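Comments concern the structure below.
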Amino acid sequence: MVAQQQGKFTVGDYLAERLAQVGVRHHFVVPGDYNLILLDKLQAHPDLKEVGCANELNCSLAAEGYARANGISACVVTYSVGALSAFNGTGSAYAENLPLVLISGSPNTNDPSQYHILHHTLGHPDYTYQYEMAKKITCCAVAIPRAIDAPRLIDRALRAAILARKPCYIEIPTNLAGATCVRPGPISAITDPITSDKSALEAAAKCAAEYLDGKLKPVILVGPKAGRAGSEKELIEFAEAMGCAVALQPAAKGMFPEDHKQFVGIFWGQVSSDAADAMVHWADAMICVGAVFNDYSTVGWTAVPNIPLMTVDMDHVTFPGAHFSRVRMCEFLSHLATQVTFNDSTMIEYKRLKPDPPHVHTAEREEPLSRKEISRQVQEMLTDKTSLFVDTGDSWFNGIQLKLPPGAKFEIEMQWGHIGWSIPAAFGYALRHPDRHTIVLVGDGSFQVTAQEVSQMVRFKVPITIMLINNRGYTIEVEIHDGSYNKIKNWDYAMLVEAFNSTDGHAKGLLANTAGELADAIKVAESHKEGPTLIECTIDQDDCSKELITWGHYVAAANARPPRNMSVQE
């Protein structure tokens, strides 16, 4: 009887069961003839729901957003024409430390040995190229050669993704998805975490406490990896034990409570908020918890802290004169919290430097809409049930300046920086968190890259509010390096929603040219639960934040640096 049951169990069934066991509830797909049998197997699993996407780029970005909400996601595409497009969102998941399982169908196992030239390929019989490419953008890539190998390879890839907080790649030939294999063993073999080495953890905490005892003005800088490591609770515990000022990198907004008395703002060099920049430069030591220093977060390398750094990463700790491997962030912060000496010198200084709250002008109803008025009205929308997505561009700066109430979530893609990311990512996120109000701030140029996924929001009746700021161009590129290529064709965005509705959709597209029209549109959006609401907010092309102008200037200068050690002939 057991043998008979196992004979009915297939590679596709194995993958479906493992995905369900690790917590996947929705899998994002674009069908193609190399993955159709596999899709049938995934569809048949009672705990998995298939979510079709408009294209493979959007599919991968929707899975990226889902991983933000769920901790792990799955994207299923066809060979080459599908996977190569999905590599973009997979790259985002790698850069942003998100476990995304990219699954691709592939040619029949008989074709390579017979030197067949197949469709959807490069036109030669070597079909390893996609697998080789996937190795560069995942923590683990596997190509299943035989059904008997599937359990071992699938388990290897999933465990690697979960432990590394990075994407993995699983390639399944079209004739193996329905081939028989054994049933899976206990899921703990995949999901059991690797804990800190006890000796390394104790030594790291002891040395770190001694190191910090010698500092007069320490400050904590929180980066995006703190959230990916799930260390928010331990971070608060450690910060309160230290008593010092806590600043956040822009990509870490929302990972430390903004109403906490030790929160001093966003550290972003010349475009920092509150007094964060002054506090960082006044400090004599910085504890970097999950920090990422790249050209964007350092404003073109002009805002790299010039003080000793203690780096607390997801699995190791480094500070001047010491390095400790296999030390998990959560455990280290908890251990260190019990050993540090309370030192609130930076908070005393912050109280002296803390700026007064800025005056916020409330526009009259008939006033033309402006960027500041949009931000003011969005601020009033934020609650403890809000998840705010900000796309690459001025939406970054507008979103960073908003005050998050306790419980509100903030999502940004600053390492990968893909314009248009927010539309499919918010869709994927909202499917996993239907209890939250997902709001998107996106520019018109970014929206045009991934606009098709609004149709899936309509299809699945996802009540996302899209605040589309229409200033007729790629404003962020204008500030970095202007040119005619930054001009785009204007769309009637509000009317576009009607095309997505067709005869059975319930999305709403609204146009706001004035402050009053925006206020009215927001009321409609907040009461509409049968699909997305897109509010096209028209503003002047030159109406952008001064922070974007400043930041763009420095990033442009960094991009324009001449090659090193190159002689220049007159």
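Even glycines carry a Cβ here, placed using N, Cα and C.
Taken from Swiss-Prot, the feature substrate binding site covers D33, H120, E477. Within 10 Å of the Cβ of H120 (substrate binding site) there are 17 other Cβ atoms, across all protein chains.
Residues or ranges marked as Mg(2+) binding site in Swiss-Prot (evidence: similarity to another entry): D444, N471, G473. When secondary structure is read from DSSP and collapsed to three states, G473 (Mg(2+) binding site) falls in the coil class. G473 (Mg(2+) binding site) has a Cβ environment of 18 other Cβ atoms inside 10 Å.
What Swiss-Prot records for 394-476 is region 'Thiamine pyrophosphate binding'.
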Cα distance (Å, whole number) from D33 (substrate binding site) to D444 (Mg(2+) binding site): 34
H120 (substrate binding site) and G473 (Mg(2+) binding site), Cα-Cα, nearest whole angstrom: 35
Other CB atoms within 10 A, centred on E477 (substrate binding site): 17
Closest of D33, H120, E477 to N471 (Mg(2+) binding site), Cα positions, binding-site residues only: E477
Segment confidence, the region 'Thiamine pyrophosphate binding' (394-476), expressed as mean pLDDT: 96
